[in-house]
Structures are given as structure tokens and as C-alpha cells.
Amino acid sequence: MALYSAAAAVLQGLERGDGGIKSLVYNSRFPHIRQLYALVSETLRYSPVLEKLLAGAALLQAEKKLPPQLAKVLVYDLLFGKGLKCGGRWKALARRHRARLEAELARLKVQQKVSRNEDLLAPVQAASPGASQVPRYVRVNTLKTCVDDVIDFFKRQGYSYLGKAASVEELRALSGKKFLLDLHLPELLVFPPQTDFHDNLLYTSGHIILQDKASCLPAFLLDPAAGSHVIDACAAPGNKTSHLAAILKNKGQIFAFDVDTKRLATMNTMLMRAGVTGFQLAQQDFLTVDPGDPKYSKVTYILLDPSCSGSGNVRGSIRPTWSRLWVRGPQVTAALPAGMVNRLPREEAAPSPERLQALAGFQRKVLSHALSFPALQRLVYSTCSLHREENEDVVQAVLQDWGSAFRLVNAFPSWPCRGLAAFPGAECCLRASPADTLTHGFFVAVLERYGEGAAAPSSLPAAAENPEHGEGTAPGTAPKKRKRKKQRVK
């Protein structure tokens, strides 16, 4: 029974957004990691089928004390796995409903005109093949070490270092125990896909962070100066927060918000392991934070990565979207169609128009709220969505209200994929994808307050008129240079 309880707990953690599959499995303390990982992975793979079976057999209505996540893993092993490996009341419960579940399974097969269980699974979507191509990205945590020392450590473990990548194609060609320094981000190492470091000493000690390259872009592009006050409006599980702290060199203050107690607890553990100091975690809906509160009077940078459809995530990586920040708050529920709020979070390549509009409305509201902080100078808005409605359209709508105070920055001009041509200057935004950048699908926009006395352009954002204005550089200033402080990895 311990196996099924552990698997159900991992599924709950995924829904809350406490972390990815591997991190939650490895942190579960279940003694048989591979067995647990396999059960969770296969349950997720069959999740749409399992939901239909549970609904058709009315299992959760008949067994009101049975948690949905536990029901899924039990039904998976009963019908698709190697049989239940438990005794007691849960096995008796499953046997009690077995005939009804098997009848519902047979009905689904007839309905879909298939004979095998695997044929019930939806065809792999067009974006999914990118999952096997996306490398393993490893961000060096400069609060504890430096890139050179981490490279030396991996070389001592038998990996071959090939130097700095010159192109995305070099990343695509990685195999075996070879790795590269990323061509765009200076503290990111790149290994072949599926390379696992969850048991590696550098990971368990917080010297490295396992973080997709696209997810590193928001903090990298926000580029807060050391000593700054920063808000991470959608903080848990904390990778971006730890990245911000590394950029700040632990000099400054980070205010991080999330409404879920367990996610905040997990995040606190992660930040402590990474050596982050100078942060305040708050269990609070960011939309309820008062921009006029003296506590935030020095906040000059905001990182905003709000709830989204999650359509940019490649297959095999779960990012719950509806259960993240603010999702059950009154500001969101008022905008959502009836019955949508508490729906099980899932990745969805083609969410309904109603869902997209509800998300976009919320995203516009929270972005506008973030821009109302009086001392704010620079903000990064990002999503893991492929949909224009959540990306360019949100930025365009908010700039219509805030265009006299903020401009869209043409950050990172060398980045190959730009925003869709939804409005003049939208090419200042960045996009990422498995096919083009070997990352998860992502969108990033950088907004910057006009300097004192600066006149707002009549049409194009200032950054579009000044294409040489690059990442992390205020107009008319030279790019900042950082010195790395070495700490030997032993």
C-alpha cells in the first residue's frame, strides 16, 4: 500500500506545482525509486483514459473517501499494470468495482474501435517529438561555486567537456558522457537528453540547479543589480527565485509570493539548500499586495510568470497551471466559466477559447497590477504558453494602458526566435520552442520604465527603434560585467 500512497502523493505534488516528476519522486523517501517513478509515469501517460474510466464507472461518487490521485494509481495497476500489489481495504475496494471498471474499459475500446489498451492513448501531438531532443540543462549555482569548478568536477566523473557551443546544432548532436557550455547563457551547462543528476552530489548539495534553458531566461533578462529589491510574483517551486538571488549575489531583497503552504515549504527548503539569503516568502495572492505598502517602496524589479495554459511544455514534463498562483482566488474564479476552477490541471495543446480568454484576462490584470508598483523600473513577463492570446496579445493590451510609462525592450537581440507580429514592436519579445531553440516552449517580454524626461514614442516601443539595446542594458549605458567568485567543489 505504501507504493500507491507514495505515487498518489507525487501526483498531488505535481498538481500543486511542488516540482517535477523526478524531484518529487526522489524527495518522496520511498525506498524503491524506480518502481515509484515507473508507476507515476505510466499513470500520467494513461491519465486521460483513467479519468474517463473513473467517470464512466462513477467510482469516486461511490467511494467518496477515495482520493482521486489514489484512485488513478489503483485503477492503472488493476487494469493496465501488473496487478495490484497491496492488500487490505484498498484492494478490496478495487475488486469490488473491478467488473464495472472492466466493462467501462471494454466500452471505450468499442467506442474508439481499438483492441489494445495502448491504442486508447491519444496520438503523440506534433510538438511532442521535441521532448526527446531537449537536452538536460544544468544551471551552475554561483552562490556556491563557479562554472570552471563544476566543469572540472564533471570531468573527474568521466564526462568529456567540449567547450562552449557555437550553435544549436552542436547541442542537438550531444550524446554519451559529453557536455557543452551553452551558447547563450554563461552559467548553463548542456548534457544529452535524459541525463539524470538527481543522485549527483552537486545537485543534492545545491551547487547545480536542474532547470530548462527557457526557464532561465526570465531572471537572466530581468538582470537586477546587486542590492536591488525584487518581487518574484509567482515564485514556487523556486528555481527562478534562486536564479535571481545568484544574479543579485545575495545582496538585496527578494519578496516571493505563492498561495499554497506546501509549495512555499518546498520552496523554502530548496532556497536554503541553494544558499539563498535575503528573501521573504509570503503566502499571499499577489493581486492583494498593496503597491503603496512602504515595504515595497524600493522594489525596482519584478519577475512575473503567472498561471498559463502550459502548452509549451514538452511531453514528459508536467507543469500544473491552474493550481499555481492565485488560481482559486476570487479575482480568477470570477473570470472563469462555471466548473473550470477546480478542474484537474493538465497540459493542453489546444485549450478551449473560453479557457484561453479567462487566462488572458487574468494575465492582463496581474501584469497591470505589477506595473503599478511606484518604484518599478524593469519587469519581465513570461509564460510557458505557445498561444498568442496569453503572450503578445496580453502585452499589447497592457501597453495600451501603460504605454506612456513603460516601453517594450528589445532584450537579447541575438536570440533567434522573436515574438509574433501581433503589433508594431512585438518582435522585441522572445519565443522558445523544442524545434528552434531545443527548449520548452516559452514566451518572454521585458518592460522598462521611461527615464525621467524621456518622451514616449508615438508608435514603436523605444527598444524597437534602438535595436542595439541588448539584454540587461539600460538605454545609453554599457553592459554590466560580473566577476565570478570561486568556491572550490570538493
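Cβ coordinates come from backbone N, Cα and C, glycine included.
According to TrEMBL, the protein carries these features:
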DOMAIN    126-450  domain 'SAM-dependent MTase RsmB/NOP-type'
BINDING   Cys234, Ala235, Ala236, Pro237, Gly238, Asn239, Lys240, Asp258, Asp285, Asp305  S-adenosyl-L-methionine binding site
ACT_SITE  Cys384  active site, nucleophile
REGION    457-490  region 'Disordered'
Quiz prompt | Rounded to the nearest Å - Cα separation of Lys240 (S-adenosyl-L-methionine binding site) and the residue listed as 'active site, nucleophile' | solution = 13
Practice problem: For Cys384 (active site, nucleophile), list the number of other Cβ atoms lying within 10 Å of its Cβ atom. | Solution: 24
Quiz item: Taking just the CA atoms, what is the gap between Asp285 (S-adenosyl-L-methionine binding site) and the residue listed as 'active site, nucleophile' in Å?
Solution: 20
Quiz item: Could you give the Cα-Cα distance between the residue listed as 'active site, nucleophile' and Gly238 (S-adenosyl-L-methionine binding site), in whole Å?
Solution: 16
Quiz prompt | Span of the S-adenosyl-L-methionine site, taken as the largest CA to CA distance across Cys234, Ala235, Ala236, Pro237, Gly238, Asn239, Lys240, Asp258, Asp285, Asp305 (Å, rounded to a whole number) | solution = 19
Quiz item: Among Cys234, Ala236, all listed as binding-site residues, which has the most CB atoms within 10 Å of its CB?
Solution: Ala236
Quiz item: Taking the domain 'SAM-dependent MTase RsmB/NOP-type' (126-450) alone, what is its mean pLDDT?
Solution: 87
